[in-house]
Amino acid sequence: MNQRVYLDYSATTPMKQEVLNEMLPYFTEKFGNPSSIHAYGREAKQAVDVARDRLAKAMGAKQDEVFFTGGGSEADNWAIKGIAYANKQKGNHIITTKIEHHAVLHTCEYLEKNGFEVSYLDVDQYGMIDINQLKNAITDRTILITLMFANNEIGTIQPIKEIGALAKEKGIYFHTDAVQAFGNVKIDVNDLNIDLMSISAHKIYGPKGVGALYIRKGVKINSLIHGGAQERRRRAGTENIPGIVGFGKAAELAMETLETHISHTTSLRDKLVKGIMEKVDYVRLNGHPIHRLPGNVNFAFEFIEGESLLLSLDMLGISGSSGSACTSGSLDPSHVLMAIGLSHEIAHGSLRLTIGDFTKEEDIDYVIAELPKVVDRLRQMSPLYEKVKGGLK
Ligand SMILES: Cc1ncc(COP(=O)(O)O)c(C=O)c1O
């Protein structure tokens, strides 16, 4: 029986036992609706307050600046559409990048069909934006800069502090999709001048289907979900109490263990990169060599089909990803890998392996032992590789 090695922490994380323990009573005996004024309702409301407080502390915000949502995608939609429609008297121009998650890109495309203009910034070969290109893109009609904190595929971390300072200086709202960064890097919304920030519980060892949007006090934003008066009249719908409780606990744990989490994932990441680079030829590391998420590895193997590589690894019990979880299954090369300038062929030969708290040293040893063999076997089937190896090219 093969070992089972999960290396897809950027797609989702397993929930921690402490998180589940804290959630469980809210499915059964503590089942109240926080909008009810009786004891059951008050108990549920108090649980939401505790979770909100924990999240606020984890990002340096005030409690009443944190709003729960049904996940990171909803938070992105709310931030972008909410700012666009609330500020359209001031302007109709939004700036983003070509490497955002589809929750941001498709929201921007939707707004373009509805009278807004969007500038999509390029990135360099490492996935980094150019702050001068950002400055030049700003017009007197710009109302929002929405720019991801860290990329979900290649792990590149953007210069968020500089972007926040620029947005503040120009009087433009700054939203960041921090779904991948939160819990992996230290974030203080005031220090970084962030006005709006999306986060999601299932990326930080919490439950799926719950997220949050940080909205700085005073920011002019419309609601996305209309109905009841929940979330201080800004996001209708009976709250997902167990989910919110789990998110709060996961955020608290993430902050308590941030340093050890970063050193654990960074050292395994570096070991994996070194191990593969030493044993395999015609391979490069996608993403920034230094400014990248601690647990992110993304290789581009030449002369290989990423899908075949994934399937072969899956048979060995190794679970990775060929791009973002949302794009796997489609044959189009990832928009992120295209944006950093990879050819279609090399983009198709890319493999993302993301490391987390439960990854062990022996898991990485196993991958370093098996992956080169798989790459070698698949390349034997590539006529081009044979040619290159034989020096015929
Ligand atoms: C950068 C980024 N933004 C947004 C999302 C969407 O979050 P959720 O799955 O909670 O809707 C993801 C999930 O993969 C992500 O990686």
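Cβ atoms are placed via backbone N, Cα and C, with glycine included.
Keep in mind the model is a prediction, meaning the values are calculated, not measured.
For C326, the entry in TrEMBL reads active site, cysteine persulfide intermediate.
Cβ neighbour count for A201 (pyridoxal 5'-phosphate binding site) (all protein chains, 10 Å cutoff from its Cβ): 33. Reduced to three states, the DSSP call for A201 (pyridoxal 5'-phosphate binding site) is helix. As annotated by TrEMBL, pyridoxal 5'-phosphate binding site applies to G72, S73, N152, Q180, S200, A201, H202, T238.
The annotation [2Fe-2S] cluster binding site is assigned in TrEMBL to C326.
Residues annotated as domain 'Aminotransferase class V' in TrEMBL: 5-367. The average pLDDT for the domain 'Aminotransferase class V' (5-367) in the predicted structure is 96.
Summarising the annotation, TrEMBL assigns N6-(pyridoxal phosphate)lysine to K203. Using a 10 Å radius centred on the Cβ of K203 (N6-(pyridoxal phosphate)lysine) and all shown protein chains, the other Cβ atoms total 27.
Long-range Cβ contacts of S200 (pyridoxal 5'-phosphate binding site) within its own chain (separation 6+, distance under 8 Å): G71, G72, A75, V179, F182, V210, G211. Closeness to ligand 1 is met by N152, these being the recorded positions among N152, A201, K203, T238 whose Cβ falls under 6 Å from the molecule.
For the pair formed by K203 (N6-(pyridoxal phosphate)lysine) and N152 (pyridoxal 5'-phosphate binding site), distance between Cα atoms is given as 11 Å, rounded to the nearest Å.
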